[in-house]
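> Have a look at this one.
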């Protein structure tokens, strides 16, 4: 029997580069009769095709969906060829090499970003005279003149007012510092938004919704490009330093994915296969979270739970490797100067008690309610931005938000400093020597030894002031974050959410602590809190609150708890964290099932088929397929009898991605599916290079050709571009099964048949539209293909 | 148009219970025209069907494979019905309730097992006079007369020789103790194997290979039953106490899965749906590992990486919950008396250095090599047991292995004690007060303060003795474990593998430590090991070795590292552990890709479609399907024209699980698929209850019925048992795609068509056989359906 490759020999004049890809995709897959190394006349070794450059051939167009099954079979073909060349080992290792490179680069970038943010945040308040590139902390650390108590004050570090007027105190100095603080913030924000506008529009936002969509098999060209990487890194530093209510964690995931994309382009295994590339990107996302929090295991689970779509075990191992290398690189850079990997290192000295689960669960409820309200408010505002004139002035919007943030933030010490420092202080357990206002407790005069395990003490005036300031900071953060997330600078949501939760948690923690101190005899405290004991750790409440709010916004649970667990490093506090995270998820889900990232995906109309939603409606494939009743019949090709002209006409008149091929219009028996771009290229090349192919040449998709009279023009044989195994379901298939098939196999389209007759086609977009319709949403919100 | 349910009304006399299930499965799925709550004449409310008992109706037979897609659609049907009853909330919570119960029970059982094993292990050596039910440690803890140094010796605890002859020392006492030690061991082992033989044959082994297979969609009735739960719990205690080289970790997973099965039978949501039941079992496996090691996160990852097949995000959350509850319950029971959750709690005081990666990687190589050799040797021995007369004497085999183990183990102090105690001691960092022989270092006389951070010291004579004994113990463990894993008592492999690795690691650790002490000036030590510093922690080497060996045997990586990480609780040592685990996996994979569990699955011929293997051969569906060339044609039914007698004949002559239904034998156009058992039951019921149905009644699968002359017997309409959406692929589909579809959708069979004509069928067994053939294995090793 003729192999399908043999059928293509007539095309030997056709443009190689354009046709190689067809051979790659269809012929080799379909033709088991070609043994490796077999010489095909005029084509050279068919196994060499892979090394040739493909000018102008990219398999998918921008804003289109990939076909996972097809990518997978392409990779297997490549694999087979590689095996015959005995470079399997190198090939297998290339994955690990890419991971190593991603880990190294994203760890380095995270370190650089951390250092730069530290320096520039402090630049808003003053400058280090001994070395301009030192941040406040570094400046005073290197100074020998500071005492242990007063670590923050050293002569080398001068605020702007000191430097310019010589006065550190007083109304004039305050106003000058205030003014310069706002000015620096505006300058940073303006620089950030301008850079984003001019060089890389994709660099704005957190990037996680888009990365989720890309990982599910969508093409957004340039989203993970080199320019985006560069500009996002720079503008992220600027945006965080400007004091806006945003974090660097989400964007770091985007930066790591850009690194992943960059390095995957070095190896043809990944650069030429969109499916394999996505495996690398999943691992890169894990590395991003790993460096953002110093939590490699949490990063892997984040990638698994929140970001990834297709996550085979191999990717699990590689993600873990990438996350570890990244974390290790970051630790070598040591940006926090404390040899710690984690962003917020905490150590608590007391266990928690069963009764404390009540406030923890209350914090969970708070987190869930806040998360749900935040998502609604933020989405409403973003929709407003998209639909009204507001969206036309992104620079102005950023400037306005920055100005308001800076003006409101400066007077309050808890909002003036960077949000990570705030969280760090809130998480902290008060030691005997802590100078923070939050630790201004009235000490027992009898207690002399400076021990770790300080008993509960009554709160001093500093604590009450701090509570008021924290309450104001809470309101401010809650309001301003709604308007910040979504402006045209890189902006993450992790840190602001954690800040909201940590403030609420700390306030509640102090309240419980004081209640326990003053009311030892209450029945709820009696059992576990004797006088003079250290019962309540307010820092733990802050941590639980942070987890609850982060959970309410993102609806993560396991990865969230693991990240928090890696921060504290103790299994002790896993139950409080879990209780809060699960409560916040339940409460949040009661208001609306989707997290902030899914909400933004829906807002932008990306074709994202969420694996979490369950489709439980009882519609059938016949209800969803095209053509519907009353619509014109499906555009099909017949296996013989169509002329080149007819095909060209069909291509011109329709914009479908592909056409089913049937035996005859009468029988409508399906034999295969042909891609639009394959068809276009094949006809174009045949017309240019193959003699005798004219407009009324007949196109054949059959295996054998009929004997034509010599008067007929040269026929065009196209079986080698025909996909002989298109995916089909019957019209009676329940849509839940169809949705399942689309999700699990990553299909782009599926043909609908009944008793072997072709009835219609269902595309991924049709499925998404149908799902939107079933959930009473606007089906036209699904925009891309 | 007639709904498919309407077609079935004629059957209103048919046996309800038998037909309800058909309606449940096919009619409701296929018929969107039945709105919830619609009254169907003579059938009652169709939504009520679900509450009726199904006597004698179980959907799958023993040793058969389930169809995941079908189970999923059944669950959705149930879901729809539940929603209409407004008990959705209760329904949604039932999952969490089951998890809570599983966590509570498996935590309790683990605690009881720990306590019982402790007591019975010590019973082999002596008895506590103050209270017979105290173990050695508990006995001496409660005694007030012990000093801090001599915790192990207290008057209340008497060895058998002391009790019986009054002599604790001397040759006679030694021989008596030796004799009684062996006797107790034999007694425990005999009891264990007899109980397993008589009451629950499924209770033997680790159970993980079978659970993997069950989770992939296989039915083994009774494997997770109540008897198995009870007997496995009891015999596990006996087997571990008998001193055999086996652990309780694997069997604990089996025990937890039995709990999961037990509680899932309380809720019809899980008991009636094999797919949903497997979600519960996946979570139960996580709870099992969680209590086995005190590592809830590691448990979830173990379930995800090693055991589970279908693991949606919902299961991830629930697994985590179950694992936490289980861990928390275990901690409340506090079997180790130290308020710690983990099996081996360790705390190291020194960091590790880059140069140490070399020995760590060497340990990884050792682990990989040992793992691969162990798998080969153990499988060879188990195959021998299966095929030769050896398998006929399981009790004798257990007795023999126990006798040899006990006789060889007693003289060596490192093999005499329980393996967990051994590992615990090997992991331990030598403190200043440790009385263990492994900590017999020559102390610096100038050093007076008892600090944690002791510098490296020269080894004393005790250490050298210990090394010799450990080396002997290593050889003994390596040999005896090969013959132990697979005997007919509950036996886990985690602890023996960890012991082998920990011994090797500790020996290497001491070697490196002494080298570093004596050769400070060597270039490799010069950089990081100054004299008087504490450079090398031999306990860490033991831990790395344990991880490497466990990784070599099971080929886990991420979950392994996480379990180890949860044991130490420090992120510091994650890089050494990862390095060893990855090296051991690579080295092991070089010898053979499958871990011990996959090897045992293959040995037993279970139909397990591994998701880890990649299928890269270029065969097509046409090469695998039945009928092959020369085989008799496929047994099909036609949509009309077949008589009841013909169908009965077909059922009798063949043993297929189902039959495709075609339009006519000539056109061979597929319209659906009918299950064998549905067909059998439907015809049986129709013959009994439906008037006029006789042998030459014509069976109709069509929607409309032709008008029959009155002379014809009453026809039998069976459209409602016809699956109108059978899964099809074309004959040109590459087998790698087919394998992917089987794996991801969990199919049981798939029909093969070309241009709408039915060509053949591929079952899961065909796929597995083909894969075995492609890997040059015996295709007949796949035994079940």
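Heads up, the Cβ atoms here are built off N, Cα and C, so glycines get one too.
Just lifted these from TrEMBL, have a look:
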- B:1-30: signal peptide (SIGNAL)
- B:88-113: transmembrane segment (TRANSMEM)
- B:178-203: transmembrane segment (TRANSMEM)
- B:224-244: transmembrane segment (TRANSMEM)
- B:280-304: transmembrane segment (TRANSMEM)
- B:316-333: transmembrane segment (TRANSMEM)
- B:353-375: transmembrane segment (TRANSMEM)
- B:395-414: transmembrane segment (TRANSMEM)
- B:466-486: transmembrane segment (TRANSMEM)
- B:493-512: transmembrane segment (TRANSMEM)
- B:540-565: transmembrane segment (TRANSMEM)
- B:625-691: domain 'CBS' (DOMAIN)
- B:722-781: domain 'CBS' (DOMAIN)
> For the transmembrane segment (B:280-304) against the transmembrane segment (B:353-375), do we get 3 or more Cβ-Cβ pairs below 8 Å once near-sequence pairs (under 6 apart) are dropped?
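Result for the transmembrane segment (B:280-304) with the transmembrane segment (B:353-375) is no.
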> For the domain 'CBS' (B:722-781), what's the model's average pLDDT?
87
> Same-chain Cβ contacts of the transmembrane segment (B:395-414) under 8 Å, 6 or more residues past its ends?
178, 181-182, 185-186, 188-190, 192-194, 197, 242-245, 385, 422, 437, 466, 469-470, 472-473, 476, 480, 483-484, 487-489, 503
> Short question: most Cβ pairs under 8 Å with the transmembrane segment (B:88-113), which of B:178-203, B:224-244, B:353-375, B:493-512?
B:224-244
> Using a Cβ cut-off under 8 Å, which residues of the same chain at least 6 positions beyond either end of the transmembrane segment (B:493-512) come close to it?
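Same-chain contacts beyond the ends: 206, 245-250, 292, 356, 359, 362-363, 366-367, 370-371, 374, 414, 419-420, 422-423, 426-427, 438, 459, 463, 467, 470-471, 473-474, 477-478, 481, 484-485, 536-550, 552-554, 596.
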> Looking only at the recorded stretches B:178-203, B:224-244, B:353-375, B:466-486, which one has the largest tally of CB-CB distances under 8 Å to the transmembrane segment (B:540-565)?
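So the stretch in question is B:353-375.
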> Hey, which bits of the same chain come close to the transmembrane segment (B:466-486), Cβ under 8 Å, at least six residues off its ends?
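Sequence-distant neighbours of the transmembrane segment (B:466-486): 205-206, 244-246, 370, 374, 377-378, 381-382, 385, 401, 404-405, 408-409, 412-415, 422, 437-438, 440, 493, 496-497, 499-500, 503-504, 506-507, 510, 596, 600.
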> Taking contact to mean 3 or more CB pairs closer than 8 A (sequence separation of 6 or more), are the transmembrane segment (B:224-244) and the transmembrane segment (B:353-375) in contact?
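Contact absent: fewer than 3 Cβ pairs fall under 8 Å.
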> Apart from its near flanks, which chain residues at least 6 from the ends of the transmembrane segment (B:353-375) lie with a Cβ under 8 angstroms of it?
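Same-chain contacts beyond the flanks: 478, 481-482, 497, 500-501, 504-505, 508-509, 512, 524-525, 527-529, 535-536, 541, 544-545, 547-555, 575-576, 579-592, 594-596, 599.
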> How about long-range neighbours of the transmembrane segment (B:178-203): same chain, 6 or more residues beyond its ends, C-beta under 8 Å?
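Here the qualifying positions are 120, 123-125, 160, 210, 220, 222-223, 225, 227-228, 230-232, 234-235, 238-239, 241-244, 394-395, 398-399, 401-403, 405-407, 410-411, 416, 487-490.
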